[in-house]
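Colleague: Have a look at the structure that comes next, please.
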Amino acid sequence: MSGDSERAVAPGVVPAPCASKVELRLSCRHLLDRDPLTKSDPSVVLLQQAQGQWLQVDRTEVVKSSLHPVFSKVFTVDYYFEGVQKLRFEVYDTHGPSGLTCQDDDFLGGMECTLGQIVAQKKMTRPLLLRFGRNAGKSTITVIAEDISGNNGYVELSFQARKLDDKDLFSKSDPFLELYRVNDDGSEQLVYRTEVVKNNLNPVWEPFKVSLNSLCSCEETRPLKCLVWDYDSRGKHDFIGDFTTTFAEMQKAFEEEQQAQWDCVNAKYKQKKRNYKNSGVVILADLKLHRVHSFLDYIMGGCQIHCTVAIDFTASNGDPRNSCSLHHINPYQPNEYLRALVAVGEVCQDYDSDKRFSALGFGARIPPKYEVSHDFAINFNPEDDECEGIQGVVEAYQNCLPKVQLYGPTNVAPIISKVARMAAAEESTGEASQYYILLILTDGVVTDMSDTREAIVRASHLPMSVIIVGVGNADFTDMQILDGDDGVLRSPRGEPALRDIVQFVPFRELKNASPAALAKCVLAEVPKQVVEYYSHKELPPRSLGAQTGEAAASSAP
C-alpha cells in the first residue's frame, strides 16, 4: 500500500459550464526521492490551459513518505467533444501544508496531454518529465478516467470503529480507513481514504460524500472492500483488518438496524489463532442517499414543457410589404422570425402533450382601437392565446401581420411578467409537472432594460427559462447583459438572479446553420436550467414523488 495523508480527502471540482463530466483518478510509480532522510511526500497539481495560459485549478492530498502514491482525491472535469482541452499534471515533493502554492515544493516531474486522450484510452500511463523535457528517471503517472454524466446521485457515509487492535508499543493505534471498489477484472480502485484519528482504538471518522458512480459504478451489488490501518508517519502503515460488503448490503442493514457493522478481520491472525474473532468492529453510523435527477428523469416523470413565443412587431423591422423587411413573407424563403420560430418550436412541441403554444406579440398598434400593446395574442383571442402546434403559430403570425401597425418601443418586461405569473401558479403545486420556456424574437435591444432585469430576477425563482433570439443586423451588445454568462444578472435594486435563466443568441451567427443546429444552440441551456430549478426546490420527478416521504428518510435526504 502507498502512503497516506493525515487529512481526509474530498473530491476536487474544476468549475465549468454543464457538460459531460469525467472523474480523473491519479497514481504514480517510481518517483524521484528528494528527501535525504525519508521518502518524498508527493502531491499532484492539475493545470488547465485557457487562452494560451496555464491555470492552476486544483491539487490532490499529500501522500506521506511514498514513491508509489495512489491518490484518493478525485478531479472532476467537464468534457467537450468539440474542443481540445489541454491539461498538465505536475508532481511535487510537498513541504508544509498542501495548498495551491508550490513555490516551496520540489518539482518531481510533469506530464501534458489532452482530456480527449485520457478519455479515449480510459487509463493512460505516461513518463514524468523534468524541465527541458528530461526524463524524471523511471517516474510515471497514471490517469484513469470515468464518465459520471449518467450517475444517479451521491451518498453520505459515516464510519466508526470499536475495540481495534493496538499496534503501537507506547500508545494506542492511529487508525484510518480506506474504501475500495472491486472492478470487473478483480482489481481494486481506491474510492476514499479517511483522516487519521490519533491514539484511539474507538475512532469516529468524519462523514464523507462520494458519487454512486465512484462508489460502485452505480451497481449496488458490486463488491466493496474496507481496510483499516494503523498510520505510520514513514509510510509503513500496519494492517489492522478488513471486510467486504456491497452498497446494497449497507443500505439493507442500515434500514433494518439504523446501524450496520462488520467484523474487521486480519486473515493472518485468523489462520494462526484458534480463538480469534476479529481485530475490532467497523460500524456504519450513518448513510444518506441523495438521488441526482437528470433532465430526462423529469421529462420521463411527466414534466411538461410549455412554450410561449413572443414576437417583436416594432417599426424598426420595416414595412412587411417591403422585401427588405424582417417581417416580409416570401413563400419560397422564410424570414428570420419564421426560421427561428420553427426550429425551436419543433423541438419544444415534443415535450408538451397537447402541443399548444401561447403566441404573443409586442410593440404594435392593434385593432380595434389601434393602441400600442406590449402583450397581445397574435390570434387576437385574449381569452385563449394558444395555437395548435408550431404550424398554428406560423399561421397566426402570417395572419396577424396585415392587421397590425408596427410601432414601438421594444418593451419585453410585460410578457416576461405574464409568463412568470403562470410559472408562479405552477410553483405553488409543489410538483415537477410543468416548466415554462419563453422564446422572445426581437430585432433590437430592449428599451425597458431596467424593468426587464427586474422581471428576469423575479422569474429566476420560478420554473421558467427565457430564450432571446436577436434577428437582423442590429448591435446586440447590450443584450448580453441579460445573459448571465459574464456574471450574475442583478435587478436595478441590486438583487441577484437565483439562477441564470436567459440565453441570448444572435440569429446572424447561425444564419447558415441547419434547423437542428440552430435549435441545439438556442436550447442548449434549457436541460441544465430545468434540473437546476427542481434540484434547488428539492423536487424529484413526479413518478418518484412518493419515495421522498418519511418512509424513505433512512436512505434519502
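A Cβ is built for glycine as well, from the same backbone N, Cα and C atoms used for every other residue.
What Swiss-Prot shows for this protein is this:
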- Asp168, Asp230, Asp232, Asp238: Ca(2+) 2 binding site (BINDING)
- Asp168, Asp174, Asp230, Asp232: Ca(2+) 1 binding site (BINDING)
- 1-128: domain 'C2 1' (DOMAIN)
- 135-263: domain 'C2 2' (DOMAIN)
- 306-505: domain 'VWFA' (DOMAIN)
Colleague: Can you list the residues of the same chain, besides Asp168, Asp174, Asp230, Asp232, whose Cβ falls within 8 Å of the Ca(2+) 1 site's Cβ centroid?
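Modeller: Neighbours found: Lys167, Ser173, Pro175, Trp229, Tyr231, His237, Asp238.
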Colleague: Counting by DSSP secondary structure, give me helix, strand and coil numbers for the domain 'C2 2' (135-263).
Modeller: 16 helix, 62 strand, 51 coil
Colleague: Let me check the 10 A CB neighbour count of Asp232 (Ca(2+) 2 binding site). How many other CB atoms are there?
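Modeller: Other Cβ atoms within 10 Å of Asp232 (Ca(2+) 2 binding site): 16.
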Colleague: Going along the chain, which residues six or more apart from Asp174 (Ca(2+) 1 binding site) have their CB under 8 A from its CB?
Modeller: Asp168, Val196, Val197, Lys198, Asn199, Asn200, Asp230, Tyr231
Colleague: Within the chain of Asp238 (Ca(2+) 2 binding site), which residues six or more apart in sequence place their C-beta under 8 angstroms from its C-beta?
Modeller: Lys167, Ser173, Trp229, Asp230, Asp232
Colleague: Suppose we draw a 10 Å sphere around the Cβ of Asp230 (Ca(2+) 2 binding site). How many other Cβ atoms does it contain, all chains included?
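Modeller: Its Cβ shell of radius 10 Å holds 21 other Cβ atoms.
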Colleague: What is the total of other Cβ atoms whose distance to the Cβ of Asp168 (Ca(2+) 2 binding site) is within 10 Å?
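Modeller: Around Asp168 (Ca(2+) 2 binding site), other Cβ atoms within 10 Å: 13.
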